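Under the heading signal peptide, TrEMBL lists 1-19. Look at TrEMBL and you will find 39-150 tagged as domain 'Expansin-like EG45'. Here TrEMBL flags 160-241 as domain 'Expansin-like CBD'.
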Amino acid sequence: MAYWAMIMALAFAANGVRAGWEYAHATFYGDMSGADTMMGACGYEDLFEQGYGLATTALSTALFNNGSACGACFELRCTDSPWCKHGAGSIRVTATNFCPPNYSKTEGVWCNPPQKHFDLSMPMFLKIAEYKAGIVPVWYRQVMCYKQGGIKFKIKGNPDWLLVLVYNVGGVGQVADVKIKGSNSGTGWIQMTRNWGQNWQTFERLEGQSLSFQVTASDGKVLQSENVAPPNWQFNTAYEGRRNFN
């Protein structure tokens, strides 16, 4: 596999593509509606409503990194397969789900470690390859995410357990750390912890206070969104900050 990847890298370079790409494979799941791609291991819900649409992918264990890769954006090109669509170019997708490993099988286990694999929505797979292919080799690289509007925070949970879904994140797209602050004097910044995917939690009671958030991206950049949620904020409601990493 290492020899084959080296040969592909040389061929890829000969075709005028810049360095910095890595070798992987891609499949698809669900149908053209994308219904099976909703929800998922990153904690996102309605991907249309939340701005991701069908330009999404599930990642194998090697790429998912226990959920820290959620929100990252990737560019993929189909390569070295008769089923690659001629002249298709590349696609850009956001990581919104996890492709789980299957240790009960010895063949067709593309999402098992240490393999790097993208399980695309069907519409995105069909942009670069024919349906009958099922699986194709790809070159990929991580790219910047460009989002409209500010970072969004959906507040869930209950009065004793605040769970916040952070989404619509620009820049590298990956959230590495979140802090929350209530408007009451002396509250200060409260460290949140990752519950799963891009859901972050705290057990502090913050009802009746306007809420501010400090988000640190995986590249170390920090963005503060002040008073995003008003004092009368409600559970199961999303609030949008004024800024983003774009």
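Just so you know, glycine gets a Cβ as well, placed from its N, Cα and C.
All annotation found in TrEMBL is predicted automatically rather than curated by experts.
In the predicted structure, the domain 'Expansin-like EG45' (39-150) carries a mean pLDDT of 95. Residues of the domain 'Expansin-like CBD' (160-241) grouped by DSSP class, helix first, strand second and coil last, total 0 helix, 45 strand, 37 coil.
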